[in-house]
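Features as listed in TrEMBL:
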type: ACT_SITE; residues: Cys114; note: active site
type: ACT_SITE; residues: His251; note: active site
type: ACT_SITE; residues: Asn281; note: active site
type: DOMAIN; residues: 108-191; note: domain 'Beta-ketoacyl-[acyl-carrier-protein] synthase III N-terminal'
type: DOMAIN; residues: 235-324; note: domain 'Beta-ketoacyl-[acyl-carrier-protein] synthase III C-terminal'
type: REGION; residues: 252-256; note: region 'ACP-binding'
Amino acid sequence: MTLRSVVLGTGHYLPDRVIENSWFEERLDTTDEWIRARTGIERRHFAAEGQATSDMGIRAARAALDKAGLRPDDIDGIILATSTPDHTFPASATMIQHGLGMTHGFAYDVQAVCAGFVFALANGDAMIRSGMARRVLVIGSETFSRILDWSDRGTCVLFGDGAGAVVLEGQEGAGASEDRGILASDLNSDGQYRDLLYVDGGVSTTGTAGQLRMQGNLVFRHAVEKLAKTAHTALDKAGLTTADVDWLVPHQANARIITATAQKMGLSMDKVVLTVADHGNTSAASIPLALSVADAQGRFRPGDVIVTEAIGGGLSWGSVVLRW
Ligand code: ACO
């Protein structure tokens, strides 16, 4: 028998304020047409003034718990993927823990930028399989609107705010690829590329939060090269091939990257969950948001094989394969 981390429920939260591409046309030398054609993004949500990453994480976590039919008391720990925490410390996960009324269990943040949720999911799975926890809330929540340079048209049009969450539970499996739950993961980082995508501030350097800087076309090339590869590696570890894949739930950075990755994997676009048009790039929140939206639409069936993949600052990238 093998312990498997099964997804019991998903949930998400998007702030009320919706920003259409036309909002940028009024402020920058850009067009709705350029943004749609180059990224697939049509609109994004921005957090309200005073609305923190943990506030959105609490809403998404509650929704996931409701879907799973569980209460905060049933959870052993919280892992939050974020690069936009409420404070430098403590971990924003502890704010979420408190907001849920929990005084037990662990709560910590994982920082792998846009790949954060994949890293957090693999982390939650490792804790469950090692017996350190039975049920873990894995959350991605981001307020990237707070670290954007509004004069940089190459970055500020790309990002949005939001949160998504999943509840994982350890269940006995046979140790075979037919098991439900997380079957395999593949995580990678390579700090030689740190200057391609970073924030130009920090506690031990400038003492400020800083603003996002990106060499978009270079990140684009790495994404197209690395995402299909990590998905293949994780599928291989799971004893599966792309022919077994029912759904690709990719990080939602750019529709062109997603299409190129699906093509490389030989998957038709009707197997791909796409939310980038309505959410923009919500960094570590994008995969749990896409999972939760597709789940709420009833698109996943028990037994479906789902592949998630993401790349972000670091560079850091990875993939998780799970059976629904
Ligand atoms: N409106 C109009 N023109 C623009 C805009 C804009 N909003 N932004 C850039 N341009 C211009 C550039 O100035 C450039 O003009 P020039 O040729 O006169 O110099 C031209 O468009 C082409 O610029 P590129 O950067 O080469 O455009 P590209 O086709 O690569 O698209 C984009 C840019 C959308 C950023 C793309 O490179 C991309 O999606 N990159 C990957 C982003 C990503 O996946 N990031 C990883 C996750 S994010 C994270 O970890 C936080």
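Yeah, the Cβs are placed from backbone N, Cα and C, and that goes for glycine too.
When Cβ atoms from all protein chains are considered, those within 10 Å of Asn281 (active site) total 23, not counting its own.
Cβ-based crowding with a 10 Å cutoff singles out Cys114 as the top-ranked of the active-site residues Cys114, His251. In the domain 'Beta-ketoacyl-[acyl-carrier-protein] synthase III C-terminal' (235-324), helix, strand and coil residues by DSSP number 39 helix, 22 strand, 29 coil. When DSSP labels each residue, the domain 'Beta-ketoacyl-[acyl-carrier-protein] synthase III N-terminal' (108-191) comes out as 22 helix, 35 strand, 27 coil, counted as helix, strand and coil in that order. Summarised as a single figure, the pLDDT of the domain 'Beta-ketoacyl-[acyl-carrier-protein] synthase III N-terminal' (108-191) averages 98. Each residue contributes its Cα atom, and for Asn281 (active site) and Cys114 (active site) those atoms are 9 Å apart.
His251 (active site) sits 7 Å from Cys114 (active site), taking the CA atoms of both as reference points.
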